[in-house]
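**Q** This is the structure I have questions about; it appears just below.
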Amino acid sequence: MKASMFLALAGLALLFVVCYASESEEKEFPIELLSKIFAVDVFKGEERGCKGFGDSCTPGKNECCPNYACSSKHKWCKVYLGK
């Protein structure tokens, strides 16, 4: 009983240390994850001439960034699946 309580407290202490040490890395994790999923930097839309995910577009015009296509149904840029 004492050993299991000690292991539980040691585990919680270790979890606290790991969370505290990785706190600064966790703040950038969602941005890195989205950048890798969509293969473009979706957070710098003002710097580029193309439109990113969810931006309104006109079907037929090549306004969307690479890896995106303008949806004729919804009229916004979405991920191009190659169909």
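Heads up, the Cβ atoms here are built off N, Cα and C, so glycines get one too.
What Swiss-Prot shows for this protein is this:
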- 1-21: signal peptide (SIGNAL)
- CYS50-CYS65: disulfide bond (DISULFID)
- CYS57-CYS70: disulfide bond (DISULFID)
- CYS64-CYS77: disulfide bond (DISULFID)
- LEU81: leucine amide (MOD_RES)
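A description of the local structural setting of each listed feature is requested, covering burial, neighbours and distances.
**A** Taking a C-beta cut-off of under 8 angstroms and a sequence separation of 6 or more, CYS50 (disulfide bond) has the following same-chain neighbours: GLU63, CYS64, CYS65, PRO66, TYR68.
Cβ neighbour count for CYS57 (disulfide bond): 22 (other Cβ atoms within 10 Å of its Cβ, all protein chains included).
Close to CYS77 (disulfide bond) in the fold, though at least 6 residues off in sequence, lie LYS51, GLY52, PHE53, GLY54, ASP55, CYS57, GLU63, CYS64, CYS65, TYR68, ALA69, CYS70, SER71, each with a CB less than 8 Å from its CB. CYS77 (disulfide bond) falls within a strand when secondary structure is assigned with DSSP.
Neighbour count (other Cβ atoms within 10 Å of the Cβ, all protein chains): 7 for LEU81 (leucine amide).
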**Q** Around the C-beta of CYS64 (disulfide bond), how many further C-beta atoms are within 10 angstroms, looking at every protein chain?
**A** 21
**Q** Specify the count of other C-beta atoms within 10 Å of the C-beta of CYS70 (disulfide bond).
**A** 21
**Q** Tell me whether CYS64 (disulfide bond) sits in a helix, a strand or coil according to DSSP.
**A** strand
